[in-house]
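As structure tokens, the structure follows; a few thoughts come after it.
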Amino acid sequence: MDDEDRGTVPEGTPEYGDPGDAPILPSEEVQQQILDQYRRERADNPGAEDVEYAPWMDVNQQGYGDCWMLANLLAVVHEDPSWPAEHVVDNGDGTVTVTLYDHAGNPRDVTVTDDLPMRSDGSYQGAYAGPGGADFGDGDSSALWVAYVEKAMAASFQDDSAYDPGQYEAIVGGWDQAAPYLTPEGSVDSVDVQDLAATYDRDGAPVAVLTPNSDSATDTAKGDPAYVTNHVFVLTDSYTADGTTYYEFSNPHGPDKPPLVLTPEEFDDYFSGAGTY
């Protein structure tokens, strides 16, 4: 699958629905659902059962091809688990304020209404926080901090596309230079694909990796069921089994999606670029 296909929105603007009883941050019950999916998709990772829930696992991309932003968000929250609670605030009046940053590093509060796009089948059209398969606005299966970051980003996005700020389609296949930053530092530092392992091993910080479009991707990569073309994964873990070190790349499509698990010798076959935040 090509990630930007997620930006193909059914004809007509999706309906916007009331967020129901879904909270900003996931309940302990939802956190456990997320963790269960995370562990299940990593059955070959000997350390997966010892991993505890962390907020970066919440990120669950849905109907818009904005992996560039959600992978960035995943990486930022991996480094700073307090980010969601400190940057997404329910104002209690039908609005939510998300703190983003301009390119000079200054905080910019973006206030959006609390309604969110939904599909006709009652599921999320946009991103949310939670396990795969959540029902729209259901607090027993989802939370909304990711949804409001996505909505605030759409409201703030500036480029020369045919879509005005506030339209989700504007952030489909977007790029960092036209977007607010998620941290004061903000910008992406490029990393050579062959330096991915060394960068992660040295710093322990997540590294975002870009996959090429389907025409440019190798047959080896496209034969991997966890692979998605024209997409961004995030290097979040490594482990050694039978003397071989494997690197695990998480998918912002959600905790119910398998990670890419690769050795450094395979990186060139899978990725076309990389960067740290």
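The backbone N, Cα and C atoms fix where each Cβ goes, and this holds for glycine too.
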Using TrEMBL as the reference, determine which range in 1-25, 201-225 is annotated region 'Disordered'. 1-25
Near His231 (active site), how many other Cβ atoms are within 10 Å of its Cβ? 24
Around Asn251 (active site), how many other C-beta atoms are within 10 angstroms of its C-beta? 27
To the nearest whole angstrom, state the Cα distance for the pair Asn251 (active site) and His231 (active site). 9
